[in-house]
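Report on one structure; see the data block that follows.
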Amino acid sequence: MKLMLISLGAYPLYEDELAAFVCNTNQPGCPSMCYDAFTAVSQVRFWLFELLSALLPFAVFVICILHSAVKQVVEVYSLPCTFFTETSFGEPTKSKITCGAHELVIPDFSRAYAIQLLMRIMIEVGFGISSYHLFGFIVDKFYNCTEEICPSNITCYVPRSTEKSAMIILLWVVSCFSLFLGLVDMIMVIKECRNRLCVSNKSKICRTRRHQRERGSRDLFNFDDIEDCTSIPMKRYKKERYCSKDFAF
């Protein structure tokens, strides 16, 4: 959307900027020097450079994804293929060829996406601050030039100042909307990464507990851990003697 505004709206508006910038003097070179002092940087070129700089992190991210996808395809074709035949009552019923594609691990690009999104937001904020200091929000209709080559009290007239002010405000609105979408996307990515981290931690805890339970069940049948019963003190019984009646005195 911003590219369409710059190419269809801003470029025709600023196309004849220097020719339409008129100053009330006949001094040769004075209007050119005053125009250079009025706009040190061309607004159209500045906006195009901002747009290309904001698209650069996303372009690098897309190139990384394409490189990873091509690498995955090459690994799939390099895996050995095996042929399976299912039989029923000694007769083949189904044949299947597998090349081990299920063994490939799909990489996680959430961190790379978050990094490029953060870089894009920082670029947009930096260019927004620079645009405010260079151009502001409103284009003045008059400019008082004080260059050395020109006589004093030179007044220059800015062409289409109202239309340029409207274009600048519209581009500011589009930039703020793009920045808002980037922040919302960043919040969603952070929440998604946090949910994945929680799920991975829960799965690790579950695997650890299951491993401990399995280990405990195996320890029940481990005879090395059973205590030696011979070390338990045995209860002693006293042997009492009873005199027989036949030997009574």
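Going from the start of the chain as shown, residues are counted 1 onward.
Glycine too: its Cβ is placed from the backbone N, Cα and C atoms.
The domain 'Connexin N-terminal' annotation in TrEMBL covers 12-45. Same-chain neighbours of the domain 'Connexin N-terminal' (12-45): 6, 134-135, 143, 145, 147, 149-151, 154-160, 163-164, 167-168, counting only residues six or more beyond its ends whose CB sits under 8 Å from a CB of the stretch.
The feature domain 'Connexin cysteine-rich' is assigned by TrEMBL to 123-189.
Annotated transmembrane segment per TrEMBL: 46-66 (among others), in sequence order.
What TrEMBL records for 169-190 (among others) is transmembrane segment.
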Taking helix as H, G and I and strand as E and B in DSSP, count the residues of the domain 'Connexin N-terminal' (12-45) in helix, strand and coil.
18 helix, 2 strand, 14 coil
